[in-house]
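Peer 1: Input: one structure, supplied below.
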2 protein chains.
Amino acid sequence: MRNTRSVGTVETRYLDLPAPLPLDSGRELRGVRVAYETYGTLAPARDNVILVCHALSGDAHAAGIAATAPAESTRDGFAAAGSPKGIGWWDGMIGPGKAFDTDRFFVVSTNLLGGCRGTTGPSSADPATGRPYGKDFPVLTVADMVRCERAFLDVLGIERLAAVAGGSLGGMQALQWAVDYPDQVNTIVVIASTHGLQPQGVAWNAIAREAIMRDPDWQGGDYYGTGRSPDAGMGVARMIGHVTYLSAPALAGKFGRRLQSGGDIRYTLSEPEFEVESYLQHQAGSFVRRFDANTYLHLSRALTYFDLSREHGSLQAAAEQIRARTLLIAFSSDWLYPPAASEEIEEALRKAGKPVEYHLIEAPYGHDCFLLEEARQTPIVREFLNGSRA
Amino acid sequence: MRNTRSVGTVETRYLDLPAPLPLDSGRELRGVRVAYETYGTLAPARDNVILVCHALSGDAHAAGIAATAPAESTRDGFAAAGSPKGIGWWDGMIGPGKAFDTDRFFVVSTNLLGGCRGTTGPSSADPATGRPYGKDFPVLTVADMVRCERAFLDVLGIERLAAVAGGSLGGMQALQWAVDYPDQVNTIVVIASTHGLQPQGVAWNAIAREAIMRDPDWQGGDYYGTGRSPDAGMGVARMIGHVTYLSAPALAGKFGRRLQSGGDIRYTLSEPEFEVESYLQHQAGSFVRRFDANTYLHLSRALTYFDLSREHGSLQAAAEQIRARTLLIAFSSDWLYPPAASEEIEEALRKAGKPVEYHLIEAPYGHDCFLLEEARQTPIVREFLNGSRA
């Protein structure tokens, strides 16, 4: 049975970093603002903090019901079914008695650097000009995002983390935390993620970015205030992403080859004929309304760059840096972030003598399992987090 | 060892159909021209004809070296490696002593209806107006393509076919032939194909078409003579196609995560950073130069429409129509046209008491195996075609 206890109504808050943020590229960002939410209560010893990191299309609103519900939910696609309006993207995992148990932990969720939902990103005003960064926004890495999260937690007075957790790009951030701040992270929870995206994933991301950048309304990235934005290209990018997040059997099970008309084909190029075509159009339309194209480009680029082997010479060398206990969860049908990568991380950690636990969950939905298979992740995560306090 | 005997230099020829071609949509096409090539010698009894049907991006030039080699070869992607300029897209399969043995068979290859390489398609002049059809070109089905091939062979005085063969969309045509003209086809060779594309494949095709139709230079399909064409969208469509034609391990094996720079990342959004990104850009560029966007739209639509179950009430009912001996070949790594579909066809034919042979080839390249794994298909096809003469 689904645990229906909720953290209740939440409001996203904002915090301005006191100092410029240095970036891997050699540039720095001034006046960085971070959007965040917290759930649960910070222990007096400040030793019960879990940082939750979102994936490409998420935001700070991970749990509960948004006080001001946006028109388009981050909980879309297959995950939208039966979800109340304004619900957080990982509400099934965060709350009283849930995987990330707010009766015990103080869960912090931020919108990541480069985002478009409150944290400084390409659509934010550049303090140097007062105008949106647009094409001048610096190219980011996952390490930059983590550095921003570190600086943000400094302001909150939180030094150590009981856990860093996330799926997909969120899992990359958790790994980066463990490598970059080994003394400040007790455990990491890395779900449906990888130490370096496989070349096919690099290709999908490149194609999605091409779809956006080839849209003339992208205007080289400086589309803010022009009355035009690359919605057409963004829609294509989202459709590509959506299909890669799901498995072929999941699409077959949900839509089959059913026609929109119910009856026969209508001999049309421009109208959706199949239900699956109509579904993708709908997903693209709602995503375009809630997400900024330049943010998509930057996050997509950062997640393809992420590569612990390149950064440290080898995956083994990266694993040697880690001191956190590691939980890895992968899903059998996830062909975008296949289980093999989690198994490679597990092996490197074991070889380095580090504590690691790996679970392969047999589930049919593909990469989106990390958002959908909450019931099956819950006992694994709860058990693992026992004893994770500093 | 690769069989290097060749049919030699060939010239594409053209033939005009004497009568209007009726279409499934209720419309008809007048003045249809068919581009074709032939290899080998027609037996006096006209009983040694094999019709070879191409897939989405092919043309009539299936074997030998083109007398006038086009700037961009249809043999691209992984198949381009080591191929001489102007070589036919299935040259490894068609020729003296090859799978489709021109010492024994008269092999006929046409550019399919709706094409852009000599056969009437959206870029052809509409006899009613003298201008290119553009958006007025009728939406086609695989059955329409087969009807066109039938009409073309009538002009050549060929009634019965020893075999109809093709991969992917070409295999759909072979199946359609066997169902629509059961008395005129002795055998069909259906490679890496299906009786109805899986929903994920429908989705990929829909996204590729969206990429083209959302390009403002598409102009609703009437871009001919405007000096602009939807190259940007077509490039994205081709990149999507290309990744779906290959397997993830094939991309990993060929490119890994190697960077273009050889050294470190360059922090760029707009330039290719990974070798696989650069490869896709190159493939997109050469495809755009040789292929018409409206043809892409029409062929993509037709192959998603193809559905023997919808057409006949069930796959079993369609199988009951077939009298040809059937050879099915599928490839283990083909995730776009997975082996399961071939197995369903085999089962339906067996249940109907029809002669059928199914081979699953373990090969790593994905859907493109039908163009790449020539050496392993050859003995299977040769053996099967023994006794296929009428």
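Glycine residues also receive a Cβ, built from the backbone N, Cα and C atoms like all the rest.
Just so it is clear, the model here is predicted, and its values are computed rather than measured.
According to TrEMBL:
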| type | residues | note |
| --- | --- | --- |
| ACT_SITE | A:Ser168 | active site, nucleophile |
| ACT_SITE | A:Asp334 | active site |
| ACT_SITE | A:His367 | active site |
| BINDING | A:Arg238, A:Asp368 | substrate binding site |
| DOMAIN | A:49-372 | domain 'AB hydrolase-1' |
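I'd like these features described in context: how deep, what's nearby, how far apart.
Peer 2: In three-state terms derived from DSSP, A:Ser168 (active site, nucleophile) belongs to neither a helical nor a strand segment and is classed as coil. Within 10 Å of the C-beta atom of A:Ser168 (active site, nucleophile) sit 28 other C-beta atoms, taking all shown protein chains into account.
Reduced to three states, the DSSP call for A:Asp334 (active site) is coil. The Cβ of A:Asp334 (active site) lies under 8 Å from the Cβ of A:Ala192, A:Ser247, A:Gly366, A:His367, A:Cys369, each of these being in the same chain and 6 or more residues away along the sequence.
In the three-state DSSP assignment, the secondary structure recorded for A:Asp368 (substrate binding site) is helix.
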Peer 1: Per-residue pLDDT averaged over the domain 'AB hydrolase-1' (A:49-372) comes to what?
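Peer 2: PLDDT averaged over the stretch: 96.
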Peer 1: Between A:Ser168 (active site, nucleophile) and A:Asp368 (substrate binding site), what C-alpha distance do you get in Å?
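Peer 2: Counting only the Cα atoms, the answer is 9 Å.
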Peer 1: Are there any residues in the same chain, six or more apart in sequence, whose C-beta is under 8 angstroms from the C-beta of A:Asp368 (substrate binding site), and if so which?
Peer 2: A:Gly77, A:Phe78, A:Ala79, A:Tyr245, A:Leu246
Peer 1: CB neighbours of A:Arg238 (substrate binding site) within 10 A?
Peer 2: 26
